[in-house]
Structure formats: structure tokens, C-alpha cells
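TrEMBL lists 6-24, 45-67, 87-105, 117-135 with the feature transmembrane segment. Per TrEMBL, the feature domain 'Potassium channel' maps to 57-135.
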Amino acid sequence: MWIEFILTSIALIGLCTIIHYEALRFALARFGKVGTHHRMRIVGVILVAFGSHLAHVILYALAFFFLERMQGFGSISGGQARDFADALYFSVTSYTTMGFADLFPTGTLRLLSGLEALVGLVMVAWTASITFLAMQKSIEAQDD
């Protein structure tokens, strides 16, 4: 059980990192050009980054949904979540570090939700730094 949990965690962290890297790289290549209107540059970067964050949440929701149905990983809210929408809701609350209200993890899913919160924190910080760079480029382009 622990080996599967560790491998799942590493795979999720790796996938989220690759998705975010490629999304931000695309956003900067597409919207980071000097000729791009400064508002469009920021909107484009934010929309692409938001899509990347949404992909991360969906990946973790899939992990919660399937791991909960396997023996030995724990559950959400003391029993199986009713459907994928519950797993998605739980994933959003974990990723954004909003916290748990009506759904909460048990067993090793507690660790996975904590790791998702760390991944969310790192990815949001990464997005903020890229947005800052895009904004800085926009301001410099306006000054010219």
C-alpha cells in the first residue's frame, strides 16, 4: 500500500510540474511577444495558467476517486464519495488550501490531500512569478 501511495504521489507531482511548465511556456511563447497588446498578454497568461491549475485539480480528483475505491487507502468523509463531482470538490478544497468542511479524508488520503495542498501552493507561486514577469514586460513595452 505505501509503495503504491508513494508512486502515485510522485507521479502526480511530476505530472503537475510538467503540465504547468508546458502551459506557462506556451503562454509566454504565445502571449509574451512584445507586439502582443499588454492586456491580452496578461489575460492570456492568466487563462492558460488557470487551465493548468484546473488540470492539476482534475488529476488529484481522479486519484482520490480511484484510491478511495481501493482497499487500504482510506476514504473521504468516512465513506465513499458519492461521485466524481465530490472528489473534484474535495480536490479543489485541498489544492487551494481552502480547507475541509463537509468532506474530509481518512487514512493515507490525508497525506495525499496535504501533498496536493503543497503542490497547489508551489504552482500558484510559480504562476504569480510568471504573471509578474509578463506584467513587467508589459510595463516596459508601454514605456518604450
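Using N, Cα and C of the backbone, Cβ positions are placed for all residues, glycine too.
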Residues from the same chain, set at least six apart from the ends of the transmembrane segment (117-135), whose C-beta lies under 8 A from its own:
12-13, 16, 20, 24, 27-28, 31-32, 41-42, 45-46, 49, 52-53, 56, 60, 94-97
Write out how many residues of the domain 'Potassium channel' (57-135) are helix, how many strand and how many coil, based on DSSP.
51 helix, 3 strand, 25 coil
